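Colleague: My questions will all concern the structure given below.
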Amino acid sequence: MKHLLATDGLDPAFATAVLDTAEELKHTLLGREVRKLPTLRGRTVITLFYENSTRTRVSFEIAGKWMSADVINVSASSSSVNKGESLRDTALTLAAAGADCVIIRHPASGAAQRLSGWLAEAGTAVVNAGDGTHEHPTQALLDAATLRERLGSFEGRRIGIVGDVLHSRVARSNIHLLSALGAEVVLVAPPTLLPAGVESLPVTVSHELDAELPALDAVMMLRVQAERMHGGFFPSAREYSIAYGLNERRMKLLPEHAVVLHPGPMLRGMEIASAVADSPASAITEQVRNGVHVRMAVLYHLLASEGAAA
Ligand code: ASP
């Protein structure tokens, strides 16, 4: 059984195959009135979300539906989880009911990995749609798809990841994927928002955004994850924004070809100014669009390609 749990240790050949399939799917569906392929007909995909989501949940649902899978959405707030059911029992119930794939978002780091162990016997594939502060692999894949589309290749490209790296599963997944694909990753953050052990990651670290911008091919702004902060990580929102926000003045420091990314949800005026988010350099809407094709490609490689479980 194949799963997609993390980009740390993910085979770059598999990641490239997903990006290639996503690109192919995008071209196949472009301009079509009926965006429906029969590939996953008869397959059941369940999204199981214990945390809020707009983009990820919707794009997995659309991805499954465009591949003709039956997609069912379960959110913790409206399921038996609210009655005290454990994650294991919920997962085994979904597998027994016929799930071929469970896409899980959970506040605990490692939840997707645990789930894959419990569901191994049932032969149900697991996709990690964000586990705590650990990983969000499909976000990194859709970011990579967007960067490849805009920049052509990863080799020798310098990508800045800016802001709340400490609490960001998006940052962690991107660090591993982008470096495995050949890009150089620079983390730009205040010391309080960098994870312990950052020296062991394949990155360089800076605290000075202005100094880094002229040499970046892309800059990925992160949301300040207030819901995961239990203490003062910076003096005030205003000071954070002054030091690490991407405003119009800063955008002018970037090379002309540079791409601006944000995984969403954006805090406009905090980590990114509206004028930047809505500028031609911004690929934020394109990230969402590519998210659907990348998630279709992931479902294809886990459930339908040669070697996937029959
Ligand atoms: N949507 C992304 C996530 O779920 C990023 C964020 O929430 O800031 O990790």
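Cβ coordinates are placed from backbone N, Cα and C, and glycine is handled just like the others.
Unlike curated records, TrEMBL annotations are generated automatically.
TrEMBL lists Arg55, Thr56, Arg105, His136, Gln139, Gly264, Pro265 with the feature carbamoyl phosphate binding site. Taken from TrEMBL, the feature L-aspartate binding site covers Lys83, Arg169, Arg223. According to TrEMBL, the feature domain 'Aspartate/ornithine carbamoyltransferase carbamoyl-P binding' maps to 2-149. The domain 'Aspartate/ornithine carbamoyltransferase Asp/Orn-binding' annotation in TrEMBL covers 156-302.
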Colleague: Same-chain residues six or more away whose CB lies under 8 A from the CB of Thr56 (carbamoyl phosphate binding site)?
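Modeller: Residues satisfying the criterion: Arg105, Ala129, Gly130, His136, Thr138, Gln139, Gly291.
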Colleague: Which one of these binding-site residues, Gly264, Pro265, has the sparsest Cβ neighbourhood, judged by other Cβ atoms within 10 angstroms?
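Modeller: If we count Cβ atoms within 10 Å for the binding-site residues Gly264, Pro265, the smallest count is at Pro265.
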Colleague: Give, as a single whole number between 0 and 100, the mean pLDDT over the domain 'Aspartate/ornithine carbamoyltransferase carbamoyl-P binding' (2-149).
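Modeller: Across the residues of the domain 'Aspartate/ornithine carbamoyltransferase carbamoyl-P binding' (2-149) the model's pLDDT averages 95 on the 0 to 100 scale.
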Colleague: Does Lys83 (L-aspartate binding site) have same-chain partners at least 6 apart in sequence with Cβ under 8 Å from its own Cβ, and which are they?
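Modeller: Within the chain, Lys83 (L-aspartate binding site) has no Cβ neighbours under 8 Å at 6 or more residues' separation.
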Colleague: As a quick check of your reading of DSSP, tell me how many residues in the domain 'Aspartate/ornithine carbamoyltransferase carbamoyl-P binding' (2-149) are helical, how many are strand and how many are coil.
Modeller: 68 helix, 27 strand, 53 coil
Colleague: When you look at Arg55, Thr56, Arg105, His136, Gln139, Gly264, Pro265, which the record names as binding carbamoyl phosphate, what is the longest CA to CA distance in angstrom?
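Modeller: Looking at Arg55, Thr56, Arg105, His136, Gln139, Gly264, Pro265 as a set, their Cα atoms extend up to 16 Å apart.
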Colleague: Take the domain 'Aspartate/ornithine carbamoyltransferase Asp/Orn-binding' (156-302) and count its residues per DSSP category (helix H/G/I, strand E/B, coil), listing them in that order.
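Modeller: The domain 'Aspartate/ornithine carbamoyltransferase Asp/Orn-binding' (156-302) comes out at 63 helix, 24 strand, 60 coil.
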Colleague: Those binding-site residues, Lys83, Arg105, Arg169, Arg223: which ones have a Cβ sitting under 6 Å from ligand 1?
Modeller: Arg169, Arg223
Colleague: Under 8 Å between C-beta atoms and at least six apart in sequence, can you list the same-chain neighbours of Arg55 (carbamoyl phosphate binding site), or say none if there are none?
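Modeller: Spatial neighbours, sequence-distant, of Arg55 (carbamoyl phosphate binding site): Pro263, Gly264, Pro265, Val288, Gly291.
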Colleague: Using a 10 Å cut-off on CB atoms, tell me which of the binding-site residues Arg105, His136, Arg169, Arg223 is the least crowded.
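Modeller: Output over binding-site residues Arg105, His136, Arg169, Arg223: least Cβ neighbours within 10 Å is Arg223.
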Colleague: Take the Cβ of Gln139 (carbamoyl phosphate binding site) and count every other Cβ within 10 Å, whichever protein chain it belongs to.
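Modeller: By my count, 26.
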